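Asker: Pulled the feature table from Swiss-Prot, pasting it below:
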- 1-69: topological domain 'Cytoplasmic' (TOPO_DOM)
- 25: phosphoserine (MOD_RES)
- 42-61: region 'Disordered' (REGION)
- 43-59: compositional bias 'Acidic residues' (COMPBIAS)
- 55: phosphoserine (MOD_RES)
- 70-90: transmembrane segment (TRANSMEM)
- 98-117: transmembrane segment (TRANSMEM)
- 142-162: transmembrane segment (TRANSMEM)
- 163-225: topological domain 'Extracellular' (TOPO_DOM)
- 187: N-linked glycosylation site (CARBOHYD)
- 226-244: transmembrane segment (TRANSMEM)
- 253-270: transmembrane segment (TRANSMEM)
- 276: N-linked glycosylation site (CARBOHYD)
- 306-323: transmembrane segment (TRANSMEM)
- 335-356: transmembrane segment (TRANSMEM)
- 357-452: topological domain 'Extracellular' (TOPO_DOM)
- 383: N-linked glycosylation site (CARBOHYD)
- 394: N-linked glycosylation site (CARBOHYD)
- 453-472: transmembrane segment (TRANSMEM)
- 496-514: transmembrane segment (TRANSMEM)
- 530-550: transmembrane segment (TRANSMEM)
- 571-592: transmembrane segment (TRANSMEM)
- 620-642: transmembrane segment (TRANSMEM)
- 643-729: topological domain 'Cytoplasmic' (TOPO_DOM)
- 687: phosphoserine (MOD_RES)
- 699: phosphoserine (MOD_RES)
- 701: phosphoserine (MOD_RES)
């Protein structure tokens, strides 16, 4: 038997027995053969794979310095601005405390299983989103490219929001705050309050006129807003510097950027609970309206929020988990991060409505004061008799309860004439029912509430610093979802790619810092991510469950984790989650079709918002954003299907595991005794596709066989050979 024959499984070819006997008879001890088998995997003794920490031989891929850094990175990515200004709005809009039940159910059915799936494939294959789905099936490689495109679209406008926050942060070091009062306009004859501000409010005026200097329509660009252009540049420089340093540096940044928001939220909660009206806000928030649970819209919006809250489909989850050790318990990570995300949303909701309750109380007191003055005027004019007013009530210093009593009495006495009196009920619930989300919550409602805080500049600095940290944490994950797949696939230098990516994003982002830029932010937010990400995650679920095979994936997880995942995930991934995602996709398409595409424009003359439809070119841009985001999926599929490029994925299929251990194809084995096992002698050229050409059929046959587990490489098969002395790997 020649020593350069290639080894196959014992039950596939009798040559294996002879080869092993030949090796053992060559004056080698069992220990020496064991060492040689170790060389198959590790190439060099000093690069041996550690079975305990799961590090990979010959793989210079960076790794997290600690498990805590990784968890904080995932938390920082998933917990973002949406937890602060989107979840409270949805909770208030969809039944208060009753909304939490649909959200929790959908978190268990869609959120955690799909989050676990993305963590698993990233850790399993140790590649970014492009490499992961190319590994599953080259025809599905477009899923990874689509994730990158969506990430880039989102990063373009998300960093603009961070730029806005930087502007407000820089303006917070003033006493009083610049949005505390309306500005005065002076001319030669007299001084008067700015009309646009007087008709709206000081914080609304500051946002639309001082910060954005907004135009009245998307068609009127108005030129660049230089203040926001500088802030956008600073935001991209911060992101670029953090990403150039790599995950070790960004991981250290995460200690601050991920933990600081919780410190601020807790401080805000404690401070706001000491203010009048805060309990009214929290009570209003969590008073359940159970009848709303029967509305399909509530479940659709809860599912959408779960979907985006965890960052599914962006590629950031996969990218971060690809730097993990092989035997990391990603199931624990999925559950932990998901519930941290949920409880963060609840904490933010408590803070938001405690603060809004305080604001509503102030507005309500002003309302009562103004209406009490109107009642006094009506009494003096004789429109209302003094006899109907209880004697113990002093309208000059009336309480909420007394005003309510007087209002009810007047309403009964003047039932027919009541409408013309123009009196307001002044109920705090009416103010709390004015649902506010997004920039309206952060830059208008919340800033107005903070002007009434003692030491308001301090709280303003803390609030906007918290938003900056939340935004940067999400941006790191979003950019990682772009950089990691491209670096893994095309082997470009990360530093150069990061600089190019950020510089290009800043240039494109100038669209968003025009005076009409806020309308483009709305456009990108509505159309660049929602449907494309849903399609991406549906395809991810299908790729793992049906293309790769759910049974095979469960086996991989068992090897990787050291225990078999619950059957619950089997049924979720194979049946329930795909069905729920398809339902959500259809519901989103229907909702988008029923809702006319448009935006809320700020009309200066009216000092109020007005809904406007997009012009025809705007419609084209909206449609193009959705098409461009998902276009890589069919393009790559067609290219692979028609064999327009090489369909080989051997370079992606060369890594596998056994009981959480890394097994990798050998390289550069000239002069190594272990090359005998591979049939490699110094005079032979190495196979260009090593992972696919190592399985020879019957002796003498030139035909090559990829074997049932050919994807895994020779290390996986050899580890299971009963007569081969198993190494410590």
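Placement of Cβ uses the backbone N, Cα and C atoms for every residue, glycine included.
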Asker: Please list residues from the chain of residue 276 (N-linked glycosylation site) whose Cβ is under 8 angstroms from its Cβ, counting only those at least six apart in sequence.
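Answerer: Within the chain, residue 276 (N-linked glycosylation site) has Cβ neighbours under 8 Å at 358, 361.
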Asker: Under 8 angstroms, Cβ to Cβ: which one of 70-90, 142-162, 226-244, 453-472, 496-514 has the largest number of such pairs with the transmembrane segment (335-356)?
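Answerer: The stretch with the most contacts is 70-90.
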Asker: Across all the protein chains here, work out how many other Cβ atoms are within 10 Å of the Cβ of residue 383 (N-linked glycosylation site).
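Answerer: Its Cβ has 14 other Cβ atoms within 10 Å.
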Asker: Any idea which of the glycosylation sites 187, 394 has the thinnest Cβ neighbourhood at 10 Å?
Answerer: 187
Asker: In the topological domain 'Extracellular' (163-225), how many residues does DSSP assign to helix, to strand and to coil?
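Answerer: Each residue of the topological domain 'Extracellular' (163-225) counted once, the result is 23 helix, 7 strand, 33 coil.
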Asker: For a three-state summary based on DSSP, what are the helix, strand and coil counts in the topological domain 'Extracellular' (357-452)?
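Answerer: Its residues fall into 67 helix, 0 strand, 29 coil.
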Asker: Among the recorded stretches 98-117, 142-162, 306-323, 530-550, 571-592, which has the greatest number of Cβ pairs closer than 8 Å to the transmembrane segment (496-514)?
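Answerer: Selected stretch: 142-162, with the most Cβ pairs under 8 Å.
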Asker: For the C-alpha pair, I'd like the distance in angstrom between residue 394 (N-linked glycosylation site) and residue 383 (N-linked glycosylation site), rounded off.
Answerer: 18
Asker: Apart from its near flanks, which chain residues at least 6 from the ends of the transmembrane segment (70-90) lie with a Cβ under 8 angstroms of it?
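Answerer: Sequence-remote neighbours of the transmembrane segment (70-90) are 64, 99, 161, 247, 250-251, 254-255, 257-259, 261, 285, 301-302, 305, 308-311, 316-317, 320-321, 323-324, 328, 333, 336-337, 340-341, 344-345, 348-349, 352-353, 435-439, 441-442, 467, 470-474, 476-478, 480.
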Asker: Using a Cβ cut-off of under 8 Å, list the residues of the same chain at least 6 residues beyond the transmembrane segment (571-592) that approach it.
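Answerer: Distant Cβ neighbours of the transmembrane segment (571-592) are 106, 109-110, 113-114, 117, 296, 300, 303-304, 307, 530-531, 534-535, 537-538, 541-542, 544-546, 550, 553.
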Asker: Under an 8 Å Cβ to Cβ limit, what residues of the same chain, 6 or more beyond the ends of the transmembrane segment (530-550), are close to it?
Answerer: 114, 117-118, 121, 133, 136-137, 140, 143, 146-147, 149-150, 304, 307-308, 312-314, 570, 573-574, 577-578, 581-582, 584-585, 588-589, 592, 626, 629-630, 633
Asker: Please state whether DSSP places residue 276 (N-linked glycosylation site) in a helix, a strand or coil.
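Answerer: Coil, per DSSP.
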Asker: Can you work out which residues elsewhere in the same chain, 6+ from the ends of the transmembrane segment (453-472), have a Cβ less than 8 Å from its Cβ atoms?
Answerer: 76, 79-81, 83-84, 158-159, 161-162, 165-166, 168-169, 172-177, 180, 238-239, 242, 253, 256-258, 260-261, 264-265, 267-268, 271, 275, 442, 446-447
Asker: Apart from its near flanks, which chain residues at least 6 from the ends of the transmembrane segment (98-117) lie with a Cβ under 8 angstroms of it?
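Answerer: Residues 90-91, 288-290, 292-293, 298-299, 302-303, 305-307, 309-310, 312, 317, 330-331, 334-335, 337-338, 342, 346, 537, 540-541, 544, 565, 569, 572-573, 576-577, 580-581, 584.
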Asker: For residue 187 (N-linked glycosylation site) and residue 383 (N-linked glycosylation site), determine the Cα separation and express it in whole Å.
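Answerer: Answer for this pair: 41 Å between alpha carbons.
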